[in-house]
Every structure is written in C-alpha cells, then in structure tokens.
Amino acid sequence: MNPFVNLFIQHSKKQIFLNNNKNNILLNFNSKLYSTITYKNNNNNNNNQIINNKTIMKRKNNEIIQTEEDDDNDNGGIHDCDSCDEVDNEEIIPESPPSKKLQQQQQQQQQQQSKLKPKQTSITDFFSPTVKTSKADKISPFFSNVNNASTTNTTTNNKNVNKKTTTTTTTKKRNNKDEENEDDNEEEEEEEEEEEDKKSKKKTTTTTTTTTTTAYKKKSSPKKKKVNPTENKFSTINYKDDQYVQKEEYSSSKKEKLENVKIGGHVSIKNGYPTLIQSVVAQGFKAVAFFTNPPRTWKHHTVKLDDSIKFKQSCKSLNFDVNCILPHGSYFLNLGSPNKENLQKSRDLMIHEMKNCEILGVKHFNFHPGSHLNEISESESIKIVAESLDYILERTKDVVAVIECTAGQGTNLGYTFEHLRDMIALVKDKTRVGVCLDTCHMFAAGYNISTKSNCDVIFQEFDKVVGFKYLKGVHLNDSKSTCGSKLDRHENIGKGHIGTPCFKYLVNDKRFQNIPMILETVGPYDQEVKLLYSFIEDDDKK
C-alpha cells in the first residue's frame with residue numbers, strides 16, 4: 001500500500017492541512033512552512049517507506065518495522081485506506097539526471113530560500129518539521145515552492161525521484177551547516193550570558209562587601225559615657241519593701257524626708273477595695289484618695305464587709321498608713337445650701353459616706369463646703385455649714401471632716417483662709433474638723449504661690465489665720481488658669497502657671513510632712529510621683 005497525501009496550502013493564512021488516514025492535522029506558522037514528505041518506490045517493491053507524523057514505517061518481505069513510537073494514531077502508525085490502493089497500480093517512470101547547470105541553479109535558488117527561511121520552532125503537539133529517518137535510508141527534505149503548489153505536485157514528485165536524490169544530498173549538507181552555525185551561535189550566546197553573570201556576581205559581591213563594611217562601621221560599639229561621682233542619682237527609685245530608699249547612701253535628714261513625705265494620687269475603685277492598696281503601692285504611692293460613693297448621684301452605696309476586711313489586711317501587710325488615706329466627698333454636697341430639702345439630702349449623703357469610711361477603717365473624709373447660691377449672704381451660709389457639721393459629727397464616729405479650700409468659682413464658699421477659720425470656729429467638736437489646701441484652688445482664688453518667697457508669706461498667713469494643726473491634707477495640682485481667675489482648671493505638675501517652685505517648697509517643708517499629698521492631675525501619676533520625690537533636697541549639703 002502506498003500513502004496518498006493531499007496538500008492544501010493557503011497562501012493568505014499560510015496553513016497546511018494534511019489528510020492522512022483518519023487524522024487531520026492543522027499547522028499554523030508565523031512564516032512560510034517547509035514540510036517534507038518523501039516517497040520512494042522501487043520496481044521490486046521490496047521496501048515501502050511511509051512517513052506519517054512522528055513515525056516511519058517500513059514494509060519489507062511482508063514484515064512491518066516501526067522505527068519510532070506513535071502516540072497519536074489509533075492504528076499504530078499503519079497507513080491503511082482505499083485511496084492508496086489505486087496509487088499502487090501506477091508506474092513510476094524515472095527521469096534522466098539533471099545537468100550540472102540546472103543543479104547549480106537549483107542550489108542557488110535553495111540558498112536564497114534558506115536565507116529567507118525563518119528558524120523552525122518545535123511543536124510538540126503535532127510533529128517536528130525535520131523528519132526523522134531510519135539508519136538505512138536517510139531522506140532529505142524537499143522544499144516546495146508555495147506559489148506553484150497544487151495537486152500536480154504529487155505526480156511530479158513521483159516522476160522526479162532521481163532529481164530528488166541528487167538535490168537531497170546538497171540540501172543535507174546545507175542543513176547540517178546551518179545547524180552547525182546555529183549551534184555555534186547558541187554556544188556564543190551562552191558564553192556571553194555566562195560572562196555577564198560573572199560580572200553581575202562580581203558587582204553584587206563588591207556591593208555586599210561595601211554594605212557589610214559600612215554596616216560594620218555603623219555597628220561599632222558606642223563609647224561609654226563617663227559618670228561623674230558628684231552627679232545626682234535621685235532619678236532611680238526603688239518601690240519595693242523599703243519604699244523610696246535610694247541606691248546611693250543619703251544623709252539622715254534626706255532619709256527622714258523621704259520617709260515622711262507622703263505623696264499619692266486620686267484613683268478609681270472599679271477594681272475593688274481588696275486590690276486598691278496593692279495597685280497604688282506598685283505605683284510608688286504613700287497616700288491615696290478615692291470616692292466611697294459615686295460622685296454625681298444622690299444614691300447611697302454601702303461598702304461590703306468582706307471588702308473592708310481585705311482592705312484593712314492589705315493596709316497592714318503593706319505598712320500603708322491609714323492616716324494618709326483621704327477619701328473625697330460627692331460633688332452634690334452643699335452643706336451651706338439655703339434650700340432645706342437639698343440641705344437635708346447633703347447631710348444624709350455625707351453621713352453615709354463617712355460611715356463608709358468607718359467601715360474601711362479610714363480616719364479622714366474630704367469635702368467641698370458648699371455655696372450660698374446668691375440667696376443668702378456668705379456669712380449666713382458659713383453658719384449653715386457649721387450647723388451641718390455638728391449634725392453629721394453627732395451621727396458618726398471618729399472620722400474627721402476635712403474642709404477643702406475652693407477656687408471661689410460661682411457662689412462657692414471656702415476660697416479664703418477666713419472662710420475656713422470661721423467654719424472651724426463655729427463647730428462644736430473641733431477635734432474632728434480639719435482643712436485641705438488645694439494648690440490650684442489657692443492660686444485661682446488669688447494666692448500667688450508661684451515663687452518660693454511668696455510661699456513663705458502665704459503659708460505664714462495660713463498658719464496665723466487657720467493654723468497648721470488643722471491641716472489634714474494637700475491636693476497637688478498645677479493651674480491652667482491665671483492667678484485670681486477663680487477658675488478651677490487642674491494641670492500637670494510644672495506645666496501650668498504655678499510652676500515647680502511651689503511644689504519643691506511643699507515637699508521640703510517639714511510642716512507638710514506626714515500629711516497626705518494627693519495628685520488630682522490627668523496623670524500618669526507614677527511619673528509625677530517620681531518627679532515630686534526628686535524635688536526633695538538634702539539639708540546637710542546646703
């Protein structure tokens with residue numbers, strides 16, 4: 001059986017259809033496609049060679065030899081169709097060999113075509129353009145002209161067998177040379193790429209070495225700073241069992257100050273009373289303030305006995321001085337109110353809060369005296385405050401009622417030392433009455449305590465008018481408002497109009513020792529506590 005191949009070449013789209021047995025193969029190339037299908041037939045019919053896709057079949061002495069495996073055809077690469085039987089009956093008439101001139105012309109044409117021929121791309125899905133042959137018979141490709149391609153080429157191919165054999169040898173040599181040239185070009189390109197890679201590696205190594213050297217220079221060990229032995233090391237404070245004991249040894253006078261100056265802050269009780277003292281000690285507090293009742297309500301909240309027991313135990317275990325606990329009263333309290341209903345509410349609420357202090361074992365309770373509301377005079381309102389204190393002290397035990405000075409905002413009482421003096425003077429049991437000085441309130445009320453000299457004068461006046469024996473607490477606040485503005489606006493220590501001299505004066509004056517000094521600033525309190533303790537001076541070095 002002889003294969004019958006129909007070539008349909010479309011010049012516009014440059015497509016080739018091969019109809020071979022049951023398979024239709026469509027090939028698309030970006031340029032001219034040169035395909036080769038050779039057919040050799042001798043008169044003895046000893047050898048029949050079929051080239052189909054990737055297979056070359058031989059028929060010799062009624063034996064089929066398959067040179068390559070075929071994965072695409074179902075028939076195992078055997079070409080079998082009825083149309084091919086008709087071709088077997090035709091006779092092939094060999095032509096005389098061509099002359100030398102014709103051979104030279106053909107070679108020149110082939111060389112010109114080879115220059116125009118693009119590089120062949122491998123198509124794994126179909127078959128490679130270069131046809132593989134057996135060792136016995138090597139068949140060279142036949143380059144057909146696309147413009148003159150038609151069905152007549154099949155008959156001319158059968159007639160020009162000798163012509164093919166002569167031309168195939170020349171084309172084989174040319175193809176081998178082309179392949180060698182392509183291999184040489186590929187080798188040269190590979191060598192160039194290797195050289196470029198080496199250069200790039202050298203560059204990267206140089207850059208890495210430079211970066212490592214620069215990084216090494218940057219990572220050089222820093223020079224150690226020389227420490228002066230005379231430098232003040234007070235900034236390092238230990239907050240363990242020995243509170244505020246410094247790493248360096250101090251004189252006895254400074255140690256006494258560190259032990260007797262009681263600084264703390266106003267904290268929340270949202271985490272409960274049992275853990276309150278532990279938390280404030282961890283922040284370096286030696287004094288503390290809190291609300292025993294919500295500050296903006298008339299409702300009464302009673303401290304639980306279990307909480308009070310744990311609170312007392314924590315105070316004893318941590319050696320926390322109970323006299324330095326100064327709870328704050330509700331903002332609704334107005335013991336000088338001209339309104340009888342509100343006056344009674346205020347008295348009942350303060351009684352309840354002072355009883356909470358009794359349950360906790362606390363000995364002092366701080367409150368704002370109230371206001372006259374422009375309905376009565378200041379002196380009349382001060383008398384009502386004193387009467388309210390007598391009423392409350394008769395119904396409570398042991399707890400001292402501590403009157404806080406005010407900024408004089410609105411119609412508030414207590415913005416002068418004389419107001420405080422008159423209230424105390426009218427109270428029957430003076431042992432249970434005390435005073436709390438707020439630095440911001442004093443400054444806003446007109447007491448300019450921004451300098452040390454002014455502090456000397458003002459606190460001497462306080463001692464004459466009221467007396468330090470009634471001083472039970474101090475609120476440490478800087479002021480956002482100016483002196484005499486009568487605006488109660490707290491600021492962090494050293495950041496307001498008062499400045500640090502006043503607070504340095506307070507922590508170094510013995511008259512303020514063992515008195516709770518409470519911060520009511522925005523915080524954080526632990527940093528401000530350290531700052532205030534750093535203001536303590538050594539009297540022996542003066």
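Yeah, the Cβs are placed from backbone N, Cα and C, and that goes for glycine too.
These features come from Swiss-Prot:
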type	residues	note
COILED	171-206	coiled coil
COMPBIAS	216-227	compositional bias 'Basic residues'
MOTIF	222-227	motif 'Nuclear localization signal'
BINDING	His328, His368, Glu404	Zn(2+) 1 binding site
BINDING	Glu404, Asp438, His475, Glu520	Zn(2+) 2 binding site
BINDING	His441, Asp488, His490	Zn(2+) 3 binding site
Practice prompt. Output, ordered by sequence, the same-chain residues six or more apart from Asp488 (Zn(2+) 3 binding site) with a CB under 8 Å from its CB, or 'none'.
Written response: Thr406, Ala407, Gln409, Cys440, His441, Ala444, Ser481
Fill in: For His441 (Zn(2+) 3 binding site), the three-state class that DSSP assigns
helix
Worksheet item: Can you count the other CB atoms that lie within 10 A of the CB of His368 (Zn(2+) 1 binding site)?
Response: 23
Worksheet item: Looking at the binding-site residues His328, His368, His475, which has the shortest Cα distance to His490 (Zn(2+) 3 binding site)?
Response: His475
Item to complete: With Glu520 (Zn(2+) 2 binding site) as the reference Cα, tell me which of the binding-site residues His328, His368, Glu404 is the closest one.
Response: His328
Worksheet item: Counting only other Cβ atoms and using a 10 Å cut-off, which of the binding-site residues Glu404, Asp438, Glu520 scores lowest?
Response: Glu520
Fill in: Subset of binding-site residues (His328, His368, Glu404) lying within 10 A of His475 (Zn(2+) 2 binding site), CA to CA, in sequence order
Glu404
Discussion item. Can you give me the residues near the recorded Zn(2+) 1 site, meaning same chain, not His328, His368, Glu404 themselves, Cβ no more than 8 Å from the center of the site's Cβ atoms?
Written reply: Gly329, Asn366, Phe367, Cys436
Worksheet, complete the sentence: Per the 10 Å Cα distance test against Asp438 (Zn(2+) 2 binding site), the binding-site residues His328, His368, Glu404 reduce to Glu404
Discussion item. Counting Cβ atoms within 10 Å of each candidate's own Cβ, which of the binding-site residues His475, His490 comes out highest?
Written reply: His475
Practice prompt. For His328 (Zn(2+) 1 binding site), write down the residues of its own chain that are at least 6 apart in sequence and whose Cβ falls under 8 Å from its Cβ; none is a fine answer.
Written response: His266, Ala289, Phe290, Phe291, Pro295, Asn366, Phe367
Worksheet entry | Segment confidence, the coiled coil (171-206), expressed as mean pLDDT | 57
